[in-house]
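Colleague: Quick one: the structure is below, and I'll ask about it shortly.
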């Protein structure tokens, strides 16, 4: 046996041993551990490089150090609400809210997500209406504008937003923008430079510190928030770009769900934003608690709401846990929309048990993939859910990007988190959990209208897929924990 063969064998053994030790030491769930071991074993050396870039977990302690603070202005309120709910003394606004005290308590304890009960909520399902409203609110701003988006393109819509922000910065307002370095990798540098040169404060989230290499590439800030004067907030699925207005022919009409909120829930959005800003910005630009960011006002709405964040820095998977609690509470119906449905074992079993218990479980996914590998994993899981009695609909009127969950026409969640491993474990996400029948039933009605623009993926139709498609689904599903 030649020296090079021996050297190669030794190198492969070291690769597998070292990789296995790293994977197990990082205490992943079993499915993710096996997926990474397969990659590391069958793609030696290259697989290890891929693991270093995409696979390593973030240290909880390290990310908290980067934040360098607790949740501004909300800790006392959170502790007070927890105590009052424990003692059965919390003044819930109505019976429907009180009915879901267990879910409210879970999100309070897991995430410090305070319950606010004075929110006015406007629903958007189209990009034109959402961005027209946002640009109007920006134009009316008098103190500050805080934006964070996963994607901001330097196209027509991006330039409209840029012009609006520059105008307000020149008027003397504090204007801040956070963008995800990976999501905005194709955005022209001149776009950001124009904003900065006119007084807009701009920072990327998790940029690469080395040319062509980013060891935090797998951890993306997928949040989409806009806060205007601390009183108006936007949260949902729309990024900034012409395709979100339906102008990309490959996707067609872009169907999403976004919220405009006016009320005390905006304080929670502001807190989330300040924490993200302080993680991304330089020491000289970090923000402290200021009353201007949390103005004294009373919302005129009746929607009870919690703003829930999660990410790889979280001790718990808060949004996923909220979903499971919602699903387990269902008595009549579960309506779920997501471009990707790749649940872990706990979510999958919760959906299957609900369906097998007679709950009307309906899921809706796009008819075209924006990520083919992920889409095949999605159809694989949908097939399993169909076997349990769930109904799966393929949206056929463009591309559906909405991330909504509605249970029994009573409670709902809308936000940035997809129903997949990435959103629950790898991305930084934020969702609004709402406890009002009017909003929940409106989201149900929207779902039913979307069904008219969809076709059902029946068990018979699913069984007709080719052998090659079954192979692609199998491989995609096997690797889905690390997609």
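Heads up, the Cβ atoms here are built off N, Cα and C, so glycines get one too.
Annotations in TrEMBL come from automatic prediction, not curation.
Remember, predicted model here, so these are calculated numbers, not experimental data.
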Colleague: Give the range, chosen from 35-54, 55-74, that TrEMBL lists as transmembrane segment.
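Modeller: Comparing 35-54, 55-74 with TrEMBL, transmembrane segment matches 35-54.
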Colleague: Between the Cα atoms of residue 229 (active site) and residue 401 (active site), find the distance and write it as a whole number of Å.
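Modeller: One finds 28 Å between the Cα atoms of these residues.
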Colleague: Provide the number of Cβ atoms within 10 Å of the Cβ of residue 224 (active site), excluding the reference atom itself.
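Modeller: Its Cβ has 23 other Cβ atoms within 10 Å.
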Colleague: Tell me which residues of the chain lie with their Cβ under 8 angstroms from that of residue 408 (active site), as long as they are six or more apart in sequence?
Modeller: 329, 330, 331, 332, 333, 440
Colleague: Where residue 222 (active site) and residue 403 (active site) are concerned, what is their Cα separation in Å, rounded?
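Modeller: Residue 222 (active site) to residue 403 (active site), Cα-Cα distance: 12 Å.
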Colleague: Residue counts in helix (H, G, I), strand (E, B) and coil for the domain 'PLD phosphodiesterase' (396-423), per DSSP?
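Modeller: Residue counts for the domain 'PLD phosphodiesterase' (396-423) by secondary structure: 3 helix, 13 strand, 12 coil.
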Colleague: Helix, strand or coil by DSSP: which one applies to residue 222 (active site)?
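Modeller: Coil, per DSSP.
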Colleague: Return only the integer: C-alpha distance in Å from residue 403 (active site) to residue 224 (active site).
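Modeller: Answer for this pair: 12 Å between alpha carbons.
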